[in-house]
Amino acid sequence: MASSLDLLKLISERGADSRGASDIVEQQAVKQLLEQVDYSKRSKKINIRNKLTPDEENAFRARYGGAFDLNLTQQYNAPHSLAGALRIAEHYDCLSSFPPLDPIIDFGGSWWHHYSRKDTRIHSCCPVLGVRDAARHEERLCRMRKLLQECDDREDLPDFCIDRAESCSVQADWAICIHGGYDMGYTGLCEAMHSHGVRILRGTIMFDGAMLFDNEGVLPLLKCRWMKSGKGKSEVIKFDFMNESTLSYIHSWTNLGSFLTESVHVIGGTTYLLERELLKCNIMTYKIVATNLKCPKETLRHCVWFENISQYVAVNIPEDWNLTHWKPVRVAKTTVREVEEIAFRCFKENKEWTENMKAIASILSAKSSTVIINGQAIMAGERLNIDEYHLVAFALTMNLYQKYENIRNFYSEMEWKGWVNHFKTRFWWGGSTATSSTGKIREFLAGKFPWLRLDSYKDSFVFLSKISDVKEFENDSVPISRLRSFFSSEDLMERIELELESAQKRRREKKKKEVEKIDEEEFQDAIDIPNDAVRDDAKPEKEPKPEVTVGAEPTGPEEASRHFAIKEFSDYCRRLDCNAVSNLRRLWAIAGCDGRTARNKSILETYHRVDDMINLHYPGGQWLYPKKYDYEVGFNDSGLGPKFDDELYVVDKSCICANYQVLSKNTDSLKAPSCKISLCDGVAGCGKTTAIKSASNIAEHLVVTANKKSAEDVREALFPHNPSSEIAFKVIRTADSALMHGLPRCKRLLVDEAGLLHYGQLLAVAALCKCQSVLAFGDTEQISFKSRDATFRLKYGDLQFDSRDIVTETWRCPQDVISAVQTLKRGGNRTSKYLGWKSHSKVSRSISHKEIASPLQVTLSREKFYLTMTQADKAALVSRAKDFPELDKAWIEKHIKTVHEAQGVSVDHAVLVRLKSTKCDLFKTEEYCLVALTRHKITFEYLYVGMLSGDLIFRSIS
């Protein structure tokens, strides 16, 4: 039986589903393609035609990770193939640090490398310092001719010169130096940067930490042997690639060593700072930064990790059988440790010293030789040089005798042996015979009569010294470096002793701080108020608290807490003022302002693109950019303060209301008040403003708010007919205004949105008005006081109270907000008052959400209030509002706020807008999401671009 199939009906019924599946497949394909494109942008493909071994490939990837995509063609054998591959990657690495369209100088590099890649922005300084350089130019010209004959589309010429870098006049802001610093040295590079006007240079050189201690060594990954010869300024270092027939490299050791011994160089008014960034695969990446800012003298510390010598110690042995000349020999730390452990146990005091040395030599030989186990040769330790083996054994033997002698003397010093011995040990030995420190008498005689040989054996020689895991280089910010002591063997023991003394001093200070910290924590436990507050948590009545002055010792934990809170707020305001001055001073300096004009307006243009509050005022009243904001103060050479029309000054957002200096000064000497603090802790919309209206008595009370918007709301509630009257502004003030201009006395102080105030600021206001009690209104679960300086650690910022009343009924929030907030709170604070809150609102459904693609899909209405979590989204909405002619500037300033700015606001219709799907921690923070969800009375709309992981708003309302 045949069955008919209605194809059109099937398509109409299932076409939508099929289309949906097709869209999913396309979306996944596009997503994968975008990921591949993104990876290709982040990585550079490097074609290596040289043959590399698997170990060399691993070394390359260990150096650069996934930053480069290595394409190995394995076409032909080439000398030092890994070094060549790394050199190409080093070019890409250094060039990628600079703007892609700016010109760049290459000191001592190959112009062919850039020309073959059509990188026309790079000028190469390729001086002819010898026949090798001249031959390289001929080879590059040959390659260029070959390329021009094979490619018809090349019409450009290479950009290079044969002048020394310091003699070339080409100007650029950036430069690279790939293995070109060997012949120039650090000072030469700085001079080259100065002649070119270069601000930042990045470069690479081959370096081994052992070069600072040994005369020869091997760079194993690069298969290169190095050797130093000569002395003083004529000392050179030679690089030979092993098992290869190539020209070797000879460079001045003074030039190469300067990259590890100098950090700062000054030419005229320009200071150059060298920073060593990475030392891996025996290639060191460094950068040199030039600055014309005034730099005070300081001591710089720079650490460099020597991974190839960190597991060694230096054993000092006699050189040429001369007791007055010793040299260090590197021996593996494990070898020395095991030899000492075994030899110390087997030491025979009554035997001849030669017998003990034989025992040590036997152990040393066993720990640094080849062992055959089951027919397989296994290397135990590292084999010593045949000329140094017996002297290392002798040095370890003498060191062992010395330790036994010190232990014996130490044991002997525990007994009292009369005044003669006491005199000897204090004035001849210097306090201890065990340590053999030089006493005053012996030191004087040894200096006057050196032939008496009054110094001890230990005073003359050092057998063991740790080479170091990390060397801490110190350098003054002048061209003279203190690191040259690295090359002086006479200073090695002195440096070790200084390091030991410094370490012991740090340990003592650390122990002292730990004891002080314990005492402070015990005192802190006594003054801290528990966070797990319960309902009806009235604290027991206490005796009246005396006032505490700044200079007086607190008489109790609560007085101390209030005293420190006010002091912390004063310090916090002082820090913000210093930050504002520092930022403006930096902007003034880098813009090249001199009192009449700004020489570098491009800097201001760059800053203005990020923050349109940054501007420059010219003498005569002109502004660099159209003035959008009113500024109270400005900054120039005379500092931060009010300015006149005939002055040149810069401004930023801190100049709109610069009151931190006054706040800090006015609160610094205040006494801690002894008044009782009560908190009305209510849910959002519980009627805190109404409660303030009911509780206030104009004759005896004052009202202080956390922000200007709250003050306006309270004035409208208490003085509905004339909120701008003089009496309204006198009794209802912001906390900042109260501290800056003072307050009249009152019996009770009412504080609105107290959680937004620093605890010390609230106490300072109470101290000014001499009130007997404080009634604070707020919500402990909404946004609290936040520091504007992430580096300033707050200890006393949270509000502390003597009693608290909890209100769990709201008159503002609709019914669906109740369940949304309860969903928000689940899994968080189980003692939250919002888990059992109730609403008297008659609105049952108010929440909606909608996904948008861009800010252009946001339609702004005069009847709605717009919220954002970030200032960036707020700026985007403000820009979008300009597309609506009916929305004036006053409306925009009043109806577009961040959630933080909108705390305490109550509106009919609220719209929360998120314009990015990237990470935003504020959408994962309960207190911010709670404020956002509880501002409206009738409707709440959530407009968002893309899904955001961990979005609490979407989870609560969906």
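Here the Cβ of each residue, glycine as well, is placed from N, Cα and C on the backbone.
Mapped onto three states, the DSSP output places GLY682 (ATP binding site) in strand. The Cβ neighbour count for GLY682 (ATP binding site), using a 10 Å radius over every protein chain in view, is 22. Among the features that Swiss-Prot reports, ATP binding site is placed at GLY682, VAL683, ALA684, GLY685, CYS686, GLY687, LYS688, THR689, with the record citing sequence analysis.
The compositional bias 'Basic and acidic residues' annotation in Swiss-Prot covers 533-546.
The domain 'Alphavirus-like MT' annotation in Swiss-Prot covers 71-260.
For 652-807, the entry in Swiss-Prot reads domain '(+)RNA virus helicase ATP-binding'.
Look at Swiss-Prot and you will find 808-958 tagged as domain '(+)RNA virus helicase C-terminal'.
The region 'Methyltransferase' annotation in Swiss-Prot covers 49-380.
Annotation comment: Swiss-Prot describes 529-557 as region 'Disordered'.
Residues or ranges marked as region 'ATP-dependent helicase' by Swiss-Prot: 680-943. Averaged across the region 'ATP-dependent helicase' (680-943), pLDDT for the predicted model comes to 90.
Candidate binding-site residues: ALA684, GLY685, GLY687. Fewest other C-beta atoms within 10 angstroms, GLY687. Note: the ATP site is recorded as GLY682, VAL683, ALA684, GLY685, CYS686, GLY687, LYS688, THR689; in the same chain, ASP779, VAL807, THR810, TRP811, ARG812 also have Cβ atoms within 8 Å of that site's Cβ centroid. The DSSP secondary structure for THR689 (ATP binding site) is helix. Most buried of the binding-site residues VAL683, CYS686, judged by other Cβ atoms within 10 Å, is VAL683. Highest local Cβ density among the binding-site residues LYS688, THR689 belongs to LYS688, counted as other Cβ atoms within 10 Å over all protein chains shown.
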